[in-house]
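Asks: Sending over a structure as structure tokens; questions will come in a sec.
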Amino acid sequence: MADQLTDEQIAEFKEAFSLFDKDGDGCITTKELGTVMRSLGQNPTEAELQDMINEVDADGNGTIDFPEFLNLMARKMKDTDSEEELKEAFRVFDKDQDGFISAAELRHVMTNLGEKLTDEEVDEMIREADVDGDGQINYEEFVKVMMAK
């Protein structure tokens, strides 16, 4: 499954993996998964976190290592119910629910994920996605960016 990913995708997933792997030991625990999900405004139960880990924990050791994470991401990318997932992701970024992701909202979520970005980097991310040039990202623009990944 993961062999269908490009080098660029693998590099991006490695970066995402390290956001989850807070202590840098090469494994994501339920505790680390919970921390990241809560920073994104989700509130999973311990049982839900365990289910998520069990779903991809090929060797059964109770944690997710990078190859297992890659398989999960490859599966998620093939998922056809991505429309609902995209809407959910957009809602996570769109803090005030006004239908737009502002630079401030983008910075807030990225900071919660542990990504310290400069104002220039945040503005650049907005510019890359902002097709109509209004300085913020609407849902259609968000979908375009996410589908291009």
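Here the Cβ of each residue, glycine as well, is placed from N, Cα and C on the backbone.
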Asks: Among GLU85, GLU105, which is the one Swiss-Prot gives for the Ca(2+) 3 site where ASP94, ASP96, ASP98 also bind?
Replies: GLU105
Asks: Which candidate in LYS78, LYS116 appears in Swiss-Prot with the annotation N6,N6,N6-trimethyllysine?
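Replies: My reading of Swiss-Prot gives LYS116.
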Asks: I'm trying to understand the geometry here, so how far is the Cα atom of GLU32 (Ca(2+) 1 binding site) from the Cα atom of ASP132 (Ca(2+) 4 binding site), in Å to the nearest whole number?
Replies: 37
Asks: Could you measure between ASP57 (Ca(2+) 2 binding site) and ASP98 (Ca(2+) 3 binding site) for me? Cα positions, answer in whole angstrom.
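Replies: Taking the Cα atoms only, ASP57 (Ca(2+) 2 binding site) lies 38 Å from ASP98 (Ca(2+) 3 binding site).
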Asks: Between ASP57, ASP59, GLU68, ASP130, which of the binding-site residues has its C-beta surrounded by the fewest other C-beta atoms within 10 Å?
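Replies: Ranked by other Cβ atoms within 10 Å, the binding-site residues ASP57, ASP59, GLU68, ASP130 bottom out at ASP59.
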